[in-house]
């Protein structure tokens, strides 16, 4: 079977565990190795506890901690521990083991002492010590902790039978092999150890909802009882909240009348009866089964209004305005009208609800597209007749949503399954049906399904199916994708139903003509829908919570102002009002005036806050939708933002949860490398065919090879890394497209590998066919062409051998994409699998080259021993045309190596290879740790750049800074330099000292016999030991590069041996008892004494730019997790390819079958916290995850480890487990923003659970894109979406919010200050119409424009320096501190404006008009001018014409409003405001009024600029530093080079110039041509000297062309070389 390819990925060195799975070993330590270690007199080994009368569990307790001095080593450790979040951290448990010589018969044993938080001690025991009171020694090894020595789970349940309590302590190793220093604990403070029953400490939690198959492996008691008890005590504190939550849940169910459906008695019973006309009843409810309709939209017509009302008024501002509106509608309380708040509020809320409803309606329409898909169902022609004649039945096309349980459906090739169906009949060979489940579990392998044996002979036609007679009993709907329980009874014979006979919804039929099946579950009861989120939550941005807090603060401030003014009025009423004769009986009671002041100041929270924000977000959504850089030309798919509610969340992401298949990979397997006869070869035929016509632009609107231009100043880039050395990259070499024949692993930063091409190998074989290398290579390629189960299909009908059909018209039907890749590679190497029947495989070969006539050879396939997950290999027995019988075997290296004839030598060489690899990885890890420590020691921990002046620097001043930036970027773009390949293991000629270039790269294209002799060293091919060593080295490096490796072995068998084995194999294959087991035993008999054929490496092609994108996300402090349903080995391989796993990573594999999950989790936490792990990766599978989730204490511990790790890979995860992980991180890591990205139906649940859901419009369909918040075509678009648009959206939204509050505070604080002048009577400083238009007409556009057009940094800078992304992660754009700073500035500026007006104009005795309106109009004007100037000119970094438009509309609109008021205002309505004519005939003619206004504005803006200048000079932020840097052209070009791969499309669009640019270019071109013509026509000066000798004198000129670069000389060759005028490439004949 072709499924063997999935066992090939190994991701590291060749160490093998007992389960046969190869494990990579870290450079720091190998946690799989168990060895006794003795360090500083402390011996770790096996310790025994005296037998107890019954099974006991060790319980740990600690005395009251005493204050003690701490040494530097401990302080460093504690300082690292303090970085963890104390609010949600778990206690750091540890066990210190010590030596104990257990003398037989002495009865003395040692006891492990457990270290709890807050205690530093060590324990040791002498032979005479009381085991219950261990004596504390004076020194200890801090490395000996819970690292690898926690108690084994359940202390071996068998001890409860025998009564012994032997505790087996696993040996441990110190992290670095050194002591951290002596302990400082005192004897009196050491903890004690007591023994207590497990049941008393940690009673087990109730059983979870995990699948039954997983409950069997759950531990009876946790191996961490103390930790679990601590967790239970912590959980008991929230018991009251849990009870309230439970009561709420019950009340909600009772109110909504939603009842949980109980399980059925013995499963779902379904009779096969296609003639049924009535729907079947569900035994659980007594009602018909649910329909096949699915719904991914959030709302229904019934719950849209209540859910949206709750969502809208959960915004504190909206609830606040609702309260104000209710108060306004109470007669006699409002001074601003009755309905002035409620009507706008309802209007704005309706708009927001309508937008949300429209977005969800689009999802509903996409649901309808799937529900209206068509399927073929077996129905009677006449529904009234009960005849079962075949002629009365037909396949009828119906809509998917009309399918019912019990319907018989037919699927043709490439049809998706409309529901969960039980397979009845298949027209494939051997009744097999090949199913693609990529949308369910992410696996690319086709899974063979076969009808139950009871169906094969019974249901062969429509007539037999129509007759029915089969009784199905299937399980109730559940989440488990990997198990299925059921049975079927046909004619009294009962057979089981498993996943081998069930096809789930979302699967696709492949390589099979058609199948018939019966629907068992439909609609929301299908497995894939059960794993989805039925009630997706309403997503709200995390910034909204901060806005709500600020709104509450403002509400409190408004109430405070109202109370202050009310109390002040009461005082004024007592002292002044009672004595004023004209205010008789004018007093107001306390309550009404308090409410009046609240209503007066309520607009400090603008009513349009959220509506204007929605406008800004719609504009942001338009920016993203129209970004050409996120448009995929291949699929013609742009980015589509389906919601604008959470735009700013894109700038705050901390965790990215990504699917693998279709999201990171392209679902394309390509044969990439081959190791044969000790030589590695690169298969680059697809690279040579790839088009490289599009060259990458290095700078914005600059072609890579311009019109003779050169940079004004270039410096070689020198990396500051000690390992990377000096990186001398010329300008023409940076980021230029590589040659098509060069390939670099996407998982490494290695230089181009000069490995020989397989095409050269084929030419060598053809020229020298009798050499040892040629014979081995030919047999290896022959094994690739024969050892498979692919079926060739000819696209040309009726093709035969005589037709000499084109080889590429043959399509291979394979059950695995890996197998297909190998067969395609064999075809490209000249060994074409041309035809296949039952026992013969015909190959078409080209022994004399592709130009010569082909040779057809027939090989008899005698036997195929298929792949299984246990065997991890497959074999074929083939009879060659010359009669020889050969066994060819391929599989995982761990399986093949132990079956080689030279297995002992292979194991020895494998150990040598591992030693070399471990040494190299250890050096890399140490270098990474050194660089981390050096960065951490710098004073500025964020970006470590020097402080500089913010004024625009000159070129000479920035030269050293440019060099620093160059090295700074180079260090972060490469972790450590990739290791150089050892020529001894890679050169075709080991005797050579260096790797020679390939023949195709040398000058000339003719390959001579001398070249053939130098190509391969034939003595190497004959040295079996050297071949094995080099092959193992190649396999290790292939796996490190993320390639999926396979080893090939072969063995020639004589006829007698084969006949003897054939008899055994026939008996096994026809056995009715344990058939599979006996077949595997027979395979073991013949798969021995193999010769090593070689190794292959297959590339699971990543999408373009995936590794670089993950690197950018890592630098932006975004943790990337890969959640996939694929196998562990495949997931690890892709982890290497996409750089989730580094070559020096420490990989922790959590496997419940190994039984040490708790120990590995705890030891890994301590390893990461100790700071000795350069890069940590956690690998966990779905079954282990279910075990972890069942134990709450272990689950919390696992989450702590996952949060500490650099990357997490979860394989074999169901959709519900993916969503559960996202939910756990979302709840566990407070204030974090999660993002989930995927392309299949199995990703829907996690996309809906995450804060931000992104769907890939990929090959798995549009299911994920339909329910996502944003949809993109390629994973690489995440770079610009998050780092650029996400950050811009966050900055814009934050600035909009804080500027909105700023302008309200600035404006209304002047109103509050004015109350002192009017006795706190509530008299308004501003005219009422102008006051009502402040937020609408005069200041709304300036904040909206700021929220739409603000760019604090350019896109190239943000991509080149992803570290700048952390501003959103830290919530540095808007928080209480930022808000307080802006409010301080607003209060200060309001004070300046008001008292300037009051002191210089209102109190001046010679003013023309000092009435109320001129004072208010001056203050109003000053506020509008200051707000517009600050927001549009000072706050915005890069100004466009829109900034000027916004300023003009704000200030000009206010001026126009004043003119309109002066002309049309009626003073009778508000007689206290003398408005009409005042601007033209009153205060408008006063020079003092204008002078005071100018002074107020100038003083306020001067104060603003001064504060900003001082802050930037003494407390510059990273943003301000990089704003200065990117203002320099050379630095900006360096940023553009680093970000070029993500900005190409927009730059290429920049080639389209306007008509003015074209006209200017024509003028420059004409001037250049004239200059060249003048130089060519200039006469030369000749002088006669001596005897007829002549000397030509030329004038030294500096020729300056349009680009401003001076070029000395007028030499024609120089001018042509620099392409003057029209002398360009391609224009000279």
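Residue numbers in this text run from 1 along the chain shown.
Cβ atoms here come from the backbone N, Cα and C positions, even for glycine.
Note that this is a predicted model, so its numbers are computed, not measured.
What TrEMBL lists as compositional bias 'Gly residues' is 1-15.
The compositional bias 'Basic and acidic residues' annotation in TrEMBL covers 16-42 (among others).
Under the heading compositional bias 'Basic and acidic residues', TrEMBL lists 72-85 (among others).
Per TrEMBL, domain 'P-type ATPase N-terminal' is recorded for 287-342.
Long-range contacts of the transmembrane segment (339-358) within the same chain, counting only residues at least 6 positions beyond its ends with a Cβ under 8 Å from a Cβ of the stretch, are 299, 304-305, 308-309, 311-313, 318, 321-322, 324-325, 328-329, 602, 607-608, 610-611, 614, 644-645, 1332. What TrEMBL lists as transmembrane segment is 339-358 (among others).
For 550-569 (among others), the entry in TrEMBL reads transmembrane segment.
Long-range contacts of the transmembrane segment (589-611) within the same chain: residues 315, 317-318, 320-321, 324, 327-328, 332-336, 341, 344-345, 348, 351-352, 551, 554-555, 557-559, 561-563, 565-566, 569-570, 1297, 1300, 1304-1305, 1308, 1311-1312, 1322, 1324, 1335-1336, 1340, each at least 6 residues beyond the stretch ends and with a Cβ under 8 Å from a Cβ of the stretch. If you look up TrEMBL, you'll see 589-611 (among others) marked as transmembrane segment.
The feature Mg(2+) binding site is assigned by TrEMBL to 659, 661, 1239, 1243.
Per TrEMBL, the feature active site, 4-aspartylphosphate intermediate maps to 659.
What TrEMBL records for 727-738 (among others) is compositional bias 'Basic and acidic residues'.
Look at TrEMBL and you will find 974-985 (among others) tagged as compositional bias 'Basic and acidic residues'.
Under the heading domain 'P-type ATPase C-terminal', TrEMBL lists 1265-1517.
Sequence annotations record features per position, and here TrEMBL assigns transmembrane segment to 1296-1314 (among others).
Marked as transmembrane segment by TrEMBL: 1329-1349 (among others). For the transmembrane segment (1329-1349), same-chain residues at least 6 beyond its ends with a Cβ under 8 Å from one of its own Cβ atoms are 336, 340, 603, 606-608, 612-613, 615-616, 619-620, 1292-1293, 1295-1296, 1299-1300, 1303-1304, 1307, 1416-1417, 1420, 1424, 1427-1428, 1431-1432, 1435-1436, 1440, 1442-1443, 1445-1447, 1449-1450, 1453-1454, 1457, 1461.
What TrEMBL lists as transmembrane segment is 1376-1397 (among others).
Same-chain residues lying 6 or more positions outside the transmembrane segment (1412-1429) and placing a CB less than 8 Å from one of its CB atoms are 1302-1303, 1306-1307, 1310, 1323-1327, 1330, 1334, 1338-1339, 1342, 1389-1390, 1393-1394, 1396-1398, 1401-1402, 1446-1447, 1450-1451, 1454, 1458, 1472-1475, 1478-1479, 1482-1483, 1489, 1492-1493, 1496-1497, 1500-1501, 1504. The feature transmembrane segment is assigned by TrEMBL to 1412-1429 (among others).
Contact between the transmembrane segment (1488-1507) and the transmembrane segment (1376-1397) is supported: at least 3 Cβ pairs lie under 8 Å, counting only residues 6 or more apart in sequence. Of all the Cβ atoms in the protein chains shown, 30 others lie within 10 Å of the Cβ of residue 659 (Mg(2+) binding site). Secondary structure of the domain 'P-type ATPase N-terminal' (287-342), assigned with DSSP and counted as helix (H, G, I), strand (E, B) and coil, comes to 24 helix, 1 strand, 31 coil. The most crowded of the binding-site residues listed here (1239, 1243) is 1243, judged by how many other CB atoms sit within 10 Å of its own CB. Confidence for the domain 'P-type ATPase C-terminal' (1265-1517), expressed as mean pLDDT, is 89. Panel annotation: around the transmembrane segment (1376-1397), residues 546, 549-550, 553, 1294, 1298-1299, 1301-1303, 1305-1307, 1309-1310, 1313-1314, 1415, 1418-1419, 1422-1423, 1426, 1492, 1495-1496, 1499-1500, 1503-1504, 1507 of the same chain, lying at least six beyond its termini, place a Cβ under 8 Å from a Cβ of the stretch. Residue 661 (Mg(2+) binding site): 28 other CB atoms within 10 A of its CB, across all protein chains.
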